[in-house]
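Asker: Just passing along the structure, written as structure tokens.
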């Protein structure tokens, strides 16, 4: 079984930058966001169920999911959010396991934005948190998504606190400074994870 390092961080923390740095070193990525998009592609049973519940206006003209409209439907409706999660989470989990099982590298990077929120951190061998201050999170999110400060604060408030996330971390990358430092930090962690993965394999075979 491949050693699994889960990568997480709050919105605007720069998870993609860190994930890409690992990918540049040849580490295979399994990305929960990409899988979440795949399970609701046109023609899937999940998208049909969503359209059946909310009507055809939840779809774009090309038949794909209108994510903004869906977010609006569920953002303040806990019951609808629970329904959507019960539909999608098993599908995402199934596809995640399929992808992880197909990896023959010493370790894989499992990129999960809501790792702590969904209580998934126990499914990884190691948890790496990308950390920045809330002010940086807000500024980056507003700039990237073109949203107001209030909207960005609402998203931040819907995620676990910085302290809760850090409490689950085995390793932390501070992504508030020089981007060049990220590559160095990732290279160091890569070396450590290769050692940990090798040790875990040896333990299995003893």
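One-based numbering along the chain as shown.
Including glycine, each Cβ sits where the backbone N, Cα and C put it.
Note that the structure is predicted; figures quoted are calculated from it, not measured.
So Swiss-Prot lists these for the protein:
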{"type": "DOMAIN", "residues": "4-200", "note": "domain 'DPCK'"}
{"type": "BINDING", "residues": "12, 13, 14, 15, 16, 17", "note": "ATP binding site"}
Asker: When DSSP is mapped onto helix/strand/coil, what comes out for residue 16 (ATP binding site)?
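Answerer: Looking at the DSSP assignment, residue 16 (ATP binding site) belongs to a helix.
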Asker: Looking at Cβ-Cβ distances, which residues of the chain lie under 8 angstroms from residue 14 (ATP binding site) while being 6 or more apart from it?
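Answerer: The list for residue 14 (ATP binding site) reads 130, 132, 140, 175, 182, given in order along the sequence.
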Asker: What other residues of this chain sit with their CB within 8 A of the center of the CB atoms of 12, 13, 14, 15, 16, 17, the recorded ATP site?
Answerer: 9, 18, 130, 140, 175
Asker: Long-range neighbours only, meaning 6 or more apart in sequence with Cβ under 8 Å: which ones does residue 13 (ATP binding site) have?
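Answerer: Same-chain residues close to residue 13 (ATP binding site) (Cβ under 8 Å, separated by 6 or more) are 130, 131, 132, 137, 140, 175.
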Asker: State the mean pLDDT for the domain 'DPCK' (4-200).
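Answerer: Across the domain 'DPCK' (4-200), the average pLDDT comes out at 94.
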